[in-house]
Ligand code: AP5
């Protein structure tokens, strides 16, 4: 199973990725998590990416495509994977096709911009695992601690309101055109495409996605 989750920043891709990966036994490939790991490790890639990410812009396509090519060639991807936050431009989607990766499903999670700002201001993350929480909508069991390890949760640098608005603008300009790109691929029978309304509880959205994947 090769699945891609498409949606604005804060639409719930990371949250839903965890359920899907657990159910289908596939790894989650989040380019955002990979870039944040490079920033924490202080690699050359991390140093280049940090300023771009903090400004809410996109890291260049060639860098991202190299990261993805290396990741999907690893043995744990042999039976499929879930792409979270990639592709994000038409050039990245075409680059993926050139790697001869055939996606089974593209699922778009559709959430209005006003809701995104609320969600991202309350988001807290466990950096080492990528687990995602929200202070009100999806709180950890213990105040500001990861449910599994008990380690502290942090707020991402790019979740400040001004940066969130910039990320939304970049999403509408550079990533939203992928909806039509994959609708077209779907009409050609190359991939299955569905849009899931992203307003509702985390569990409601999860069930909508599972219903789509399982009906097929
Ligand atoms: P990335 O890490 O990919 O961020 P993003 O796409 O902006 O997505 P987010 O992680 O912010 O949100 P999400 O949709 O996963 O939502 P979540 O589940 O956390 O990218 C960061 C940066 O890296 C980019 O800006 C760019 O610079 C760079 N980058 C990454 N990939 C790149 C690429 N391919 N090309 C170029 N540059 C790239 O949920 C959000 C919050 O809402 C959480 O608090 C959650 O608990 C809560 N929530 C979730 N679902 C619900 C619900 N149903 N109801 C209420 N609250 C909910």
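Note: Cβ is positioned from N, Cα and C throughout, glycine not excepted.
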May I ask you to indicate which of 122-159, 160-197 is given in TrEMBL as region 'LID'?
122-159
When you look at 10, 11, 12, 13, 14, 15, 123, 132, 133, 200, which the record names as binding ATP, what is the longest CA to CA distance in angstrom?
17
Near the region 'NMP' (30-59) in space but 6 or more residues beyond its ends, with Cβ under 8 Å, are 14, 17, 67-68, 71, 84-86, 88-89, 127, 130, 156-158, 163-167, 169-170, 174
Once the DSSP letters are reduced so that anything not helix or strand counts as coil, what is residue 14 (ATP binding site)?
helix
